[in-house]
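Asks: When I checked TrEMBL for this same protein, it listed these features:
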DOMAIN    14-369  domain 'tRNA-guanine(15) transglycosylase-like'
ACT_SITE  ASP93  active site, proton acceptor
REGION    248-254  region 'RNA binding'
REGION    272-276  region 'RNA binding'
BINDING   CYS305, CYS307, CYS310, HIS336  Zn(2+) binding site
Amino acid sequence: MAVRYELIKTCRQSGARLGRLHTPHGTVDTPVFMPVGTLATVKTMSPEELKEMGSGIILANTYHLFLRPGHEVVREAGGLHSFMNWDRAILTDSGGFQVFSLSDLRKITEEGVSFRSHLSGEPLFLSPEKSMEVQNALGADIIMAFDECPPYPAERDYVKASTERTYRWLKRCVKAHGRKEDQALFGIIQGGMHRDLREESARQITSVDLPGYAIGGLSVGEPKEMMYEALEWTTPLMPEDKPRYLMGVGSPDALVEGVIRGVDMFDCVLPTRIARNGTTMTSQGRVVVRNAKYARDFSPLDPECDCYTCRNYSRAYLRHLIKSDETFGLRLTTYHNLYFLLKLKEQVRRAIKEDRLLDFRDRFFEQYYGSTEPTRNF
Ligand SMILES: [Zn+2]
(Lines of atoms letter the chains of each structure in order from A and count residues from 1; the text may use other names and numbers.)
(Lines give C-alpha, C1' and ligand atoms only; values in the text may rest on other atoms or scores of the structure.)
Protein backbone atom coordinates (compact mmCIF):
# COMPACT_ATOMS: atom_id res chain seq x y z
CA MET A 1 0.00 0.00 0.00
CA ALA A 2 1.18 3.50 -0.83
CA VAL A 3 0.35 4.84 2.63
CA ARG A 4 0.50 2.95 5.90
CA TYR A 5 -0.83 4.04 9.29
CA GLU A 6 0.89 2.95 12.48
CA LEU A 7 -1.06 3.32 15.72
CA ILE A 8 1.44 4.02 18.48
CA LYS A 9 -0.88 4.33 21.47
CA THR A 10 -4.21 5.66 22.67
CA CYS A 11 -4.53 8.23 25.47
CA ARG A 12 -5.76 6.51 28.65
CA GLN A 13 -7.58 9.67 29.69
CA SER A 14 -9.37 10.54 26.40
CA GLY A 15 -9.08 7.60 24.00
CA ALA A 16 -7.32 9.85 21.44
CA ARG A 17 -4.89 8.18 19.02
CA LEU A 18 -1.18 8.86 18.59
CA GLY A 19 0.19 7.50 15.35
CA ARG A 20 2.40 7.80 12.30
CA LEU A 21 1.45 8.05 8.66
CA HIS A 22 4.08 6.56 6.36
CA THR A 23 3.87 8.01 2.84
CA PRO A 24 6.09 7.85 -0.26
CA HIS A 25 7.20 11.38 0.69
CA GLY A 26 8.05 10.97 4.33
CA THR A 27 6.51 10.03 7.65
CA VAL A 28 4.04 12.32 9.40
CA ASP A 29 3.21 12.23 13.12
CA THR A 30 -0.53 12.17 13.83
CA PRO A 31 -2.81 13.81 14.87
CA VAL A 32 -1.77 16.24 12.13
CA PHE A 33 -3.00 19.53 10.70
CA MET A 34 -2.54 19.92 6.93
CA PRO A 35 -2.19 23.49 5.59
CA VAL A 36 -4.23 24.08 2.43
CA GLY A 37 -2.41 24.93 -0.79
CA THR A 38 -5.41 25.30 -3.08
CA LEU A 39 -3.58 26.21 -6.30
CA ALA A 40 -0.38 24.24 -5.56
CA THR A 41 0.79 26.94 -3.18
CA VAL A 42 -0.04 27.65 0.46
CA LYS A 43 -0.83 31.30 -0.18
CA THR A 44 2.19 33.57 0.53
CA MET A 45 4.35 30.74 2.00
CA SER A 46 7.38 29.13 0.35
CA PRO A 47 7.95 25.37 0.70
CA GLU A 48 11.07 26.18 2.76
CA GLU A 49 8.98 28.17 5.25
CA LEU A 50 6.43 25.36 5.53
CA LYS A 51 9.22 22.89 6.27
CA GLU A 52 10.81 25.25 8.79
CA MET A 53 7.52 25.39 10.73
CA GLY A 54 7.34 21.59 10.72
CA SER A 55 4.71 20.82 8.10
CA GLY A 56 5.04 17.33 6.65
CA ILE A 57 1.88 17.20 4.55
CA ILE A 58 -0.19 19.79 2.68
CA LEU A 59 -3.39 19.68 0.69
CA ALA A 60 -4.10 20.86 -2.86
CA ASN A 61 -7.48 21.24 -4.56
CA THR A 62 -8.28 19.14 -7.61
CA TYR A 63 -11.11 21.38 -8.83
CA HIS A 64 -8.90 24.48 -8.91
CA LEU A 65 -5.94 22.71 -10.56
CA PHE A 66 -8.24 21.01 -13.09
CA LEU A 67 -9.45 24.47 -14.14
CA ARG A 68 -6.06 26.14 -13.96
CA PRO A 69 -3.38 25.30 -15.10
CA GLY A 70 -5.03 21.95 -16.04
CA HIS A 71 -3.92 18.52 -14.87
CA GLU A 72 -2.07 17.78 -18.11
CA VAL A 73 0.30 20.68 -17.44
CA VAL A 74 1.01 19.32 -13.95
CA ARG A 75 1.49 15.81 -15.38
CA GLU A 76 4.02 17.17 -17.90
CA ALA A 77 5.84 18.94 -15.05
CA GLY A 78 6.28 15.53 -13.40
CA GLY A 79 3.39 15.86 -10.94
CA LEU A 80 2.59 18.29 -8.12
CA HIS A 81 5.68 17.51 -6.01
CA SER A 82 8.01 18.53 -8.80
CA PHE A 83 5.76 21.33 -10.17
CA MET A 84 5.62 23.14 -6.81
CA ASN A 85 9.02 22.02 -5.46
CA TRP A 86 7.55 20.23 -2.42
CA ASP A 87 9.21 16.92 -1.56
CA ARG A 88 7.03 16.08 1.45
CA ALA A 89 3.55 14.51 1.37
CA ILE A 90 0.55 15.93 -0.52
CA LEU A 91 -3.15 15.11 -0.36
CA THR A 92 -5.57 16.14 -3.11
CA ASP A 93 -9.33 16.32 -2.61
CA SER A 94 -11.60 14.92 -5.30
CA GLY A 95 -12.99 18.19 -6.67
CA GLY A 96 -16.49 17.19 -5.60
CA PHE A 97 -16.86 19.64 -2.74
CA GLN A 98 -15.74 22.63 -4.83
CA VAL A 99 -18.00 21.65 -7.73
CA PHE A 100 -20.91 21.77 -5.33
CA SER A 101 -19.86 24.94 -3.54
CA LEU A 102 -18.20 27.10 -6.25
CA SER A 103 -19.38 26.27 -9.73
CA ASP A 104 -22.52 27.51 -11.48
CA LEU A 105 -25.32 25.53 -13.07
CA ARG A 106 -24.29 22.14 -11.84
CA LYS A 107 -26.35 19.10 -12.72
CA ILE A 108 -25.89 15.84 -10.85
CA THR A 109 -26.64 12.52 -12.54
CA GLU A 110 -25.55 8.97 -11.75
CA GLU A 111 -22.76 9.41 -14.30
CA GLY A 112 -21.26 12.51 -12.64
CA VAL A 113 -21.63 16.27 -12.35
CA SER A 114 -21.90 18.77 -15.23
CA PHE A 115 -21.03 22.32 -14.26
CA ARG A 116 -19.67 25.59 -15.50
CA SER A 117 -16.24 26.86 -14.47
CA HIS A 118 -16.53 29.71 -11.95
CA LEU A 119 -13.67 31.39 -13.86
CA SER A 120 -14.61 31.16 -17.53
CA GLY A 121 -18.15 29.79 -17.64
CA GLU A 122 -16.84 26.90 -19.75
CA PRO A 123 -19.00 23.73 -19.47
CA LEU A 124 -17.09 20.95 -17.68
CA PHE A 125 -17.77 17.46 -16.33
CA LEU A 126 -16.41 15.57 -13.34
CA SER A 127 -17.17 11.96 -12.49
CA PRO A 128 -15.49 9.30 -10.36
CA GLU A 129 -13.43 8.26 -13.40
CA LYS A 130 -12.49 11.81 -14.37
CA SER A 131 -11.56 12.73 -10.78
CA MET A 132 -9.25 9.69 -10.63
CA GLU A 133 -7.71 10.61 -13.99
CA VAL A 134 -7.04 14.17 -12.78
CA GLN A 135 -5.72 13.08 -9.36
CA ASN A 136 -3.52 10.38 -10.95
CA ALA A 137 -2.02 13.14 -13.13
CA LEU A 138 -1.49 15.46 -10.15
CA GLY A 139 0.27 12.60 -8.35
CA ALA A 140 -0.42 13.33 -4.67
CA ASP A 141 0.44 10.68 -2.06
CA ILE A 142 -3.17 10.57 -0.85
CA ILE A 143 -6.15 11.06 -3.18
CA MET A 144 -9.81 11.28 -2.29
CA ALA A 145 -12.85 9.46 -3.66
CA PHE A 146 -15.31 11.56 -5.68
CA ASP A 147 -18.32 11.99 -3.42
CA GLU A 148 -21.41 14.09 -3.06
CA CYS A 149 -21.46 16.35 -0.01
CA PRO A 150 -25.06 17.29 0.85
CA PRO A 151 -25.57 20.80 2.22
CA TYR A 152 -26.83 21.52 5.73
CA PRO A 153 -29.72 21.47 6.31
CA ALA A 154 -30.93 18.94 3.72
CA GLU A 155 -33.98 16.70 3.42
CA ARG A 156 -33.42 13.19 4.72
CA ASP A 157 -34.47 11.59 1.40
CA TYR A 158 -31.93 13.69 -0.45
CA VAL A 159 -29.17 12.85 2.04
CA LYS A 160 -30.04 9.15 1.81
CA ALA A 161 -29.93 9.12 -2.00
CA SER A 162 -26.69 11.07 -2.17
CA THR A 163 -25.03 8.92 0.51
CA GLU A 164 -25.88 5.79 -1.47
CA ARG A 165 -24.56 7.40 -4.64
CA THR A 166 -21.31 8.24 -2.80
CA TYR A 167 -20.88 4.49 -2.11
CA ARG A 168 -21.54 3.55 -5.75
CA TRP A 169 -19.14 6.29 -6.88
CA LEU A 170 -16.45 4.97 -4.48
CA LYS A 171 -16.57 1.57 -6.19
CA ARG A 172 -16.12 3.28 -9.58
CA CYS A 173 -13.17 5.29 -8.14
CA VAL A 174 -11.46 2.08 -6.97
CA LYS A 175 -11.86 0.60 -10.46
CA ALA A 176 -10.60 3.73 -12.24
CA HIS A 177 -7.64 4.44 -9.91
CA GLY A 178 -4.56 3.83 -12.04
CA ARG A 179 -1.72 4.33 -9.54
CA LYS A 180 -2.58 2.12 -6.57
CA GLU A 181 1.09 1.31 -5.91
CA ASP A 182 2.11 4.92 -5.13
CA GLN A 183 -1.14 6.82 -4.46
CA ALA A 184 -3.43 5.93 -1.54
CA LEU A 185 -7.16 6.33 -2.22
CA PHE A 186 -9.28 7.32 0.81
CA GLY A 187 -13.05 6.73 0.87
CA ILE A 188 -15.39 9.37 2.33
CA ILE A 189 -18.16 8.67 4.81
CA GLN A 190 -21.23 10.88 4.36
CA GLY A 191 -24.74 10.63 5.83
CA GLY A 192 -25.46 14.22 6.88
CA MET A 193 -26.66 14.70 10.43
CA HIS A 194 -28.75 11.49 10.49
CA ARG A 195 -27.36 8.84 12.78
CA ASP A 196 -28.63 5.81 10.86
CA LEU A 197 -27.40 7.22 7.53
CA ARG A 198 -23.97 8.04 9.00
CA GLU A 199 -23.69 4.52 10.43
CA GLU A 200 -24.84 2.92 7.19
CA SER A 201 -22.36 5.02 5.23
CA ALA A 202 -19.54 4.17 7.66
CA ARG A 203 -20.28 0.44 7.20
CA GLN A 204 -20.52 0.71 3.41
CA ILE A 205 -17.42 2.84 2.87
CA THR A 206 -15.20 0.86 5.28
CA SER A 207 -16.34 -2.43 3.66
CA VAL A 208 -14.15 -1.36 0.74
CA ASP A 209 -10.54 -2.19 1.66
CA LEU A 210 -8.67 1.13 1.41
CA PRO A 211 -5.54 2.62 3.03
CA GLY A 212 -7.60 5.28 4.84
CA TYR A 213 -11.03 6.79 5.36
CA ALA A 214 -12.39 10.32 5.70
CA ILE A 215 -15.42 11.84 7.35
CA GLY A 216 -17.05 14.34 5.00
CA GLY A 217 -20.13 16.52 5.09
CA LEU A 218 -19.32 18.08 8.47
CA SER A 219 -18.42 21.70 9.27
CA VAL A 220 -20.88 22.75 6.55
CA GLY A 221 -22.82 25.19 8.74
CA GLU A 222 -24.23 22.89 11.43
CA PRO A 223 -23.73 23.74 15.14
CA LYS A 224 -20.48 22.38 16.55
CA GLU A 225 -22.19 20.09 19.09
CA MET A 226 -23.90 18.41 16.15
CA MET A 227 -20.59 17.85 14.42
CA TYR A 228 -19.10 16.33 17.58
CA GLU A 229 -22.12 14.08 17.94
CA ALA A 230 -21.83 12.90 14.32
CA LEU A 231 -18.15 12.11 14.99
CA GLU A 232 -19.14 10.04 18.03
CA TRP A 233 -21.49 7.96 15.86
CA THR A 234 -18.92 7.52 13.11
CA THR A 235 -15.38 6.93 14.42
CA PRO A 236 -16.23 3.80 16.48
CA LEU A 237 -17.28 2.15 13.20
CA MET A 238 -13.97 2.94 11.48
CA PRO A 239 -11.07 0.44 11.45
CA GLU A 240 -8.44 1.08 14.14
CA ASP A 241 -5.51 0.32 11.87
CA LYS A 242 -6.34 2.94 9.23
CA PRO A 243 -6.01 6.75 9.37
CA ARG A 244 -9.15 8.85 9.91
CA TYR A 245 -9.40 12.23 8.24
CA LEU A 246 -11.97 14.89 9.18
CA MET A 247 -12.32 17.12 6.14
CA GLY A 248 -12.43 20.91 6.27
CA VAL A 249 -12.06 21.40 10.03
CA GLY A 250 -9.39 23.69 11.52
CA SER A 251 -10.64 25.88 14.37
CA PRO A 252 -8.52 25.37 17.52
CA ASP A 253 -11.41 23.89 19.55
CA ALA A 254 -12.45 21.43 16.82
CA LEU A 255 -8.84 20.37 16.30
CA VAL A 256 -8.73 19.24 19.93
CA GLU A 257 -12.30 17.91 20.22
CA GLY A 258 -11.92 15.98 16.95
CA VAL A 259 -8.79 14.23 18.23
CA ILE A 260 -10.62 13.30 21.45
CA ARG A 261 -13.25 11.66 19.22
CA GLY A 262 -10.68 9.54 17.41
CA VAL A 263 -9.64 11.65 14.38
CA ASP A 264 -6.04 11.68 13.09
CA MET A 265 -5.96 14.18 10.19
CA PHE A 266 -7.43 17.65 9.64
CA ASP A 267 -7.26 20.40 7.01
CA CYS A 268 -8.79 23.85 6.75
CA VAL A 269 -8.34 27.17 4.94
CA LEU A 270 -9.30 29.03 8.14
CA PRO A 271 -5.82 29.90 9.53
CA THR A 272 -4.49 31.15 6.19
CA ARG A 273 -7.70 32.89 5.09
CA ILE A 274 -8.21 34.86 8.32
CA ALA A 275 -4.48 35.69 8.45
CA ARG A 276 -4.77 37.59 5.17
CA ASN A 277 -7.54 39.62 6.76
CA GLY A 278 -5.40 40.49 9.79
CA THR A 279 -6.93 37.97 12.23
CA THR A 280 -4.59 35.75 14.20
CA MET A 281 -4.79 32.83 16.63
CA THR A 282 -2.62 33.25 19.72
CA SER A 283 -2.08 31.57 23.08
CA GLN A 284 -4.34 34.29 24.56
CA GLY A 285 -7.08 33.75 21.98
CA ARG A 286 -7.98 35.57 18.81
CA VAL A 287 -6.14 38.83 18.07
CA VAL A 288 -7.50 41.00 15.25
CA VAL A 289 -4.25 42.77 14.61
CA ARG A 290 -5.74 45.34 12.24
CA ASN A 291 -7.70 46.87 15.14
CA ALA A 292 -6.85 50.47 16.10
CA LYS A 293 -5.92 49.45 19.66
CA TYR A 294 -2.72 47.84 18.35
CA ALA A 295 -1.44 51.01 16.60
CA ARG A 296 1.14 51.62 19.35
CA ASP A 297 1.43 48.08 20.70
CA PHE A 298 5.09 47.23 20.24
CA SER A 299 4.84 43.84 21.94
CA PRO A 300 5.00 40.59 19.92
CA LEU A 301 1.80 39.18 18.40
CA ASP A 302 1.90 36.24 20.82
CA PRO A 303 4.28 36.50 23.80
CA GLU A 304 4.33 32.70 24.15
CA CYS A 305 5.12 32.00 20.49
CA ASP A 306 8.65 31.54 19.17
CA CYS A 307 7.81 31.71 15.46
CA TYR A 308 9.68 33.95 13.02
CA THR A 309 6.92 36.59 13.17
CA CYS A 310 6.69 36.74 16.95
CA ARG A 311 10.45 36.73 17.45
CA ASN A 312 11.00 39.71 15.15
CA TYR A 313 7.95 41.94 14.73
CA SER A 314 5.43 43.88 16.82
CA ARG A 315 1.65 44.06 16.68
CA ALA A 316 1.95 47.72 15.65
CA TYR A 317 4.15 46.81 12.68
CA LEU A 318 1.85 43.96 11.61
CA ARG A 319 -1.15 46.29 11.85
CA HIS A 320 0.61 48.89 9.75
CA LEU A 321 1.50 46.36 7.02
CA ILE A 322 -1.98 44.79 6.91
CA LYS A 323 -3.67 48.21 6.84
CA SER A 324 -1.37 49.22 3.97
CA ASP A 325 -2.07 46.00 2.01
CA GLU A 326 1.61 45.12 2.11
CA THR A 327 2.30 41.55 1.01
CA PHE A 328 4.86 41.09 3.78
CA GLY A 329 2.13 41.62 6.39
CA LEU A 330 0.06 38.77 4.91
CA ARG A 331 3.14 36.56 4.95
CA LEU A 332 3.87 37.30 8.62
CA THR A 333 0.34 36.65 9.88
CA THR A 334 0.00 33.52 7.72
CA TYR A 335 3.30 32.19 9.04
CA HIS A 336 2.22 32.71 12.63
CA ASN A 337 -1.26 31.17 12.26
CA LEU A 338 0.05 28.00 10.61
CA TYR A 339 2.85 27.75 13.17
CA PHE A 340 0.29 28.15 15.95
CA LEU A 341 -1.87 25.24 14.72
CA LEU A 342 1.12 23.00 13.98
CA LYS A 343 2.41 23.69 17.52
CA LEU A 344 -1.05 23.03 18.93
CA LYS A 345 -1.02 19.61 17.28
CA GLU A 346 2.45 18.97 18.69
CA GLN A 347 1.15 19.78 22.18
CA VAL A 348 -1.85 17.50 21.57
CA ARG A 349 0.46 14.64 20.57
CA ARG A 350 2.54 15.13 23.72
CA ALA A 351 -0.61 15.17 25.88
CA ILE A 352 -1.80 11.89 24.29
CA LYS A 353 1.59 10.34 24.93
CA GLU A 354 1.35 11.36 28.59
CA ASP A 355 -2.33 10.32 28.96
CA ARG A 356 -3.54 13.84 29.85
CA LEU A 357 -5.37 15.18 26.77
CA LEU A 358 -8.55 16.11 28.68
CA ASP A 359 -6.51 18.15 31.17
CA PHE A 360 -4.70 19.78 28.27
CA ARG A 361 -8.02 20.61 26.57
CA ASP A 362 -9.43 22.31 29.66
CA ARG A 363 -6.32 24.37 30.22
CA PHE A 364 -6.01 25.32 26.54
CA PHE A 365 -9.67 26.32 26.21
CA GLU A 366 -9.51 28.35 29.40
CA GLN A 367 -6.53 30.25 28.05
CA TYR A 368 -7.73 30.59 24.43
CA TYR A 369 -11.46 31.14 24.88
CA GLY A 370 -11.56 32.20 28.52
CA SER A 371 -13.96 29.33 29.20
CA THR A 372 -14.30 25.56 28.93
CA GLU A 373 -17.80 25.75 27.40
CA PRO A 374 -18.19 23.37 24.47
CA THR A 375 -19.23 25.74 21.67
CA ARG A 376 -16.95 28.49 20.50
CA ASN A 377 -15.95 30.49 17.51
CA PHE A 378 -12.36 30.41 16.38
ZN1 LIG B 1 4.08 33.45 16.31
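From the backbone N, Cα and C atoms, a Cβ is placed for every residue, glycine too.
How buried are the listed features, and what sits near them?
Replies: DSSP assigns ASP93 (active site, proton acceptor) to coil, not to a helix or a strand.
Through the fold, the region 'RNA binding' (248-254) approaches residues 33, 97, 218-220, 224, 227, 266-271, 281, 341, 344, 364-365, 368-369, 376-378 of its own chain, all at least 6 residues removed from its boundaries and within a Cβ separation under 8 Å.
With a threshold of 8 Å between CB atoms, the same-chain residues lying at least 6 positions outside the region 'RNA binding' (272-276) that come near it are 35-36, 42-44, 330, 333-334, 336-338, 378.
According to DSSP, CYS305 (Zn(2+) binding site) sits in a coil region rather than a helix or strand.
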Asks: Other than CYS305, CYS307, CYS310, HIS336, which residues of the same chain sit close to Zn(2+)? List them in sequence order, counting a residue when its Cβ is within 8 Å of the Cβ centroid of the site.
Replies: THR282, PRO300, LEU301, ASP302, ASP306, TYR308, THR309, ARG311, TYR335, TYR339, PHE340
Asks: Would you mind reading off the Cα separation of CYS310 (Zn(2+) binding site) from ASP93 (active site, proton acceptor), to the nearest angstrom?
Replies: 33
Asks: Fill in the CA-CA distance, ASP93 (active site, proton acceptor) to CYS307 (Zn(2+) binding site), as an integer in Å.
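Replies: Each residue's Cα considered, ASP93 (active site, proton acceptor) and CYS307 (Zn(2+) binding site) end up 29 Å apart.
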Asks: Within the chain of CYS307 (Zn(2+) binding site), which residues six or more apart in sequence place their C-beta under 8 angstroms from its C-beta?
Replies: MET53, TYR335, HIS336, TYR339, PHE340
